[in-house]
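Summarising the annotation, Swiss-Prot assigns zinc finger to 70-109, 150-202, 203-259 and lists sequence analysis as the type of evidence. Annotation source Swiss-Prot lists SUMO cross-link at 124, 142, 461. Per Swiss-Prot, ubiquitin cross-link is recorded for 124, 327. Under the heading coiled coil, Swiss-Prot lists 302-356, citing sequence analysis as support. Residues or ranges marked as domain 'MATH' in Swiss-Prot: 358-507. Here Swiss-Prot flags 363-530 as region 'Interaction with TANK'.
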C-alpha cells in the first residue's frame with residue numbers, strides 16, 4: 001500500500017488513520033534502511049545520472065509481479081516514484097516522459113508536474129528485497145536485488161576486458177588468458193631475449209639474427225647472422241664459380257672441389273687468361289700519333305714483351321700450385337693418420353679404465369634435468385653407459401637407461417634400466433652364456449648416515465639371448481626392469497644432486513657370488529630381452 005493511499009484513507013475514515021500512520025512510519029523506515037545500507041548501486045549514484053537510466057533489467061525468481069513494473073520501460077521499478085493519480089514509475093522514466101511528451105501521466109493523461117512526484121519508498125524496499133538471478137552467463141547464484149551489485153563486483157563469471165588485446169572474458173578465465181592464451185601477451189625470444197607480443201613471435205623467429213639455422217648445403221648449424229659469411233667463405237659444399245670465371249670458365253662446383261678443378265683445368269685456364277691478356281693488348285695497341293683523341297703517345301711501352309712476361313709468370317705459378325696441392329694432400333693424409341692413432345689410443349685408455357672397476361661400476365649421468373625436460377616434452381630419452389668389465393679377465397657389460405614417456409602404456413613416467421653384454425677382450429676365454437647376479441642401484445645422494453637407495457637384484461637367465469655371447473659390439477637384447485623406479489619418487493627423494501644422477505651396477509659371476517645378496521632380500525621379477 002503506497003503512502004498516497006494511506007493519506008487518502010485517513011481523510012475518509014478515522015479508524016484507518018492508525019494504519020496510515022503505521023504505513024507512513026514503515027515507508028520512512030524503508031528510506032532510512034536503504035540510505036544506510038548502500039548495497040545497491042542506485043543509492044550511490046548521483047541524481048543527475050539516475051535520471052538517465054531505466055528500470056532493473058534482471059531476471060527475478062519468482063517472476064516479477066506486474067505491480068512492480070514500470071509502465072514506460074516495462075522493467076522493475078528503479079527509484080520508484082508515485083503520481084497523485086496513484087501510478088508508479090521509475091524516476092528517470094517519468095521525468096523524461098514529462099520533459100519530452102508534456103505534463104501528463106502516461107497512463108491516464110492526468111495533469112502531472114515534476115514537483116508532484118514523490119518517492120515510493122515502500123515499493124522500493126519491496127523490490128530490493130526480491131530474489132534475482134545473477135545475469136552473468138554460467139553463474140547460478142541467486143540473491144536479493146539489493147545485493148546484486150556487490151555480487152557482480154566479485155562474481156567469477158562477470159565479464160572483464162583484457163588489458164592487452166581489449167577482448168572480454170569471464171573473470172575466472174582472465175588470468176589464464178593473459179598468461180597463456182592472449183595473442184598480445186609478452187614473450188621473449190629464446191635466442192636473442194628480445195621481448196615481443198606472442199602474435200609477432202612467429203614472424204620474429206623467421207628473421208631472428210641469433211636463431212640457429214641449418215646450412216642447406218653442408219648441414220652445419222649456425223646462427224642466422226653468421227650464415228652469409230659461411231656461404232661466401234667457409235661452406236665446403238656451397239656452389240661456387242670457378243676463379244677464372246671472369247676470363248670465360250663457366251664451371252660451377254662445390255667449394256671443396258674447387259682446388260681439384262683448378263688443378264685439372266690448368267691449361268684451359270691459362271689459355272683463357274692468355275686470350276684475355278691478348279684482348280687487352282689489342283685494345284691498348286699503340287695508335288697513330290696523329291690521333292690525339294685516342295690518348296696514345298709514340299713513347300708507349302712494348303706490350304708484346306709484357307704479355308710474354310705475364311704468361312711466363314702464370315706458368316711458374318701453375319707449377320707452384322701443383323706443388324702446394326701435392327703437399328696439402330700429403331699433410332691431410334698425415335693428419336688423418338694421426339687422428340686414427342689418437343682415437344685408437346683413447347679407445348685403449350677407455351678399455352683399460354673399464355677393466356679396473358672389477359665388477360662394480362658407478363655411472364654418472366650429468367645434465368639430468370635436461371633429460372627430464374625432454375621426457376616431459378614427450379621426446380624419447382635413451383642413454384647408454386660406457387662399457388665396464390666384471391673383472392680381469394671378465395665379461396664386458398653396459399647399462400641402458402630409458403625415461404618412459406607420459407603416454408607410454410603400463411609404464412608411463414617410469415625409469416627403465418637394463419644391462420647389455422658387449423664384445424670384450426676376454427670373450428674367447430670365458431664360459432658362455434653369462435651366468436651370475438646383478439644388483440642395480442640408483443644412489444641416494446643425501447648427507448644422511450642411512451641413505452635410502454633404490455635397488456633391485458636380478459639373476460641372469462642363460463637361456464635368454466641377452467646373456468649369449470654378442471656377435472656385434474653391443475648385444476641389442478637387454479635384461480632388466482621396465483618399471484625400475486617412478487619419476488615422481490625420483491623427484492621426491494634426494495637422488496639428483498648438482499644435476500647428476502648416480503647409477504651403480506654390481507656384478508658377480510657364478511664363480512664370485514658370495515656376499516652379493518643381502519640377507520632377507522628377495523629380488524622381484526625382471527623384464528627379459530627388452
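Placed from the backbone N, Cα and C atoms, the Cβ positions cover glycine too.
Distance noted between the C-alpha atoms of residue 461 (SUMO cross-link) and residue 327 (ubiquitin cross-link) is 59 Å. Cα to Cα, residue 327 (ubiquitin cross-link) and residue 142 (SUMO cross-link) are separated by 94 Å. Taking a C-beta cut-off of under 8 Å and a sequence gap of six or more, residue 142 (SUMO cross-link) has these contacts in its own chain: 61, 131, 132, 133, 134.
Comparing Cβ neighbour counts within 10 Å across the recorded sites 124, 327, 461, the minimum falls on 327. A coil conformation is recorded for residue 461 (SUMO cross-link) in the three-state DSSP classification, outside any helix or strand.
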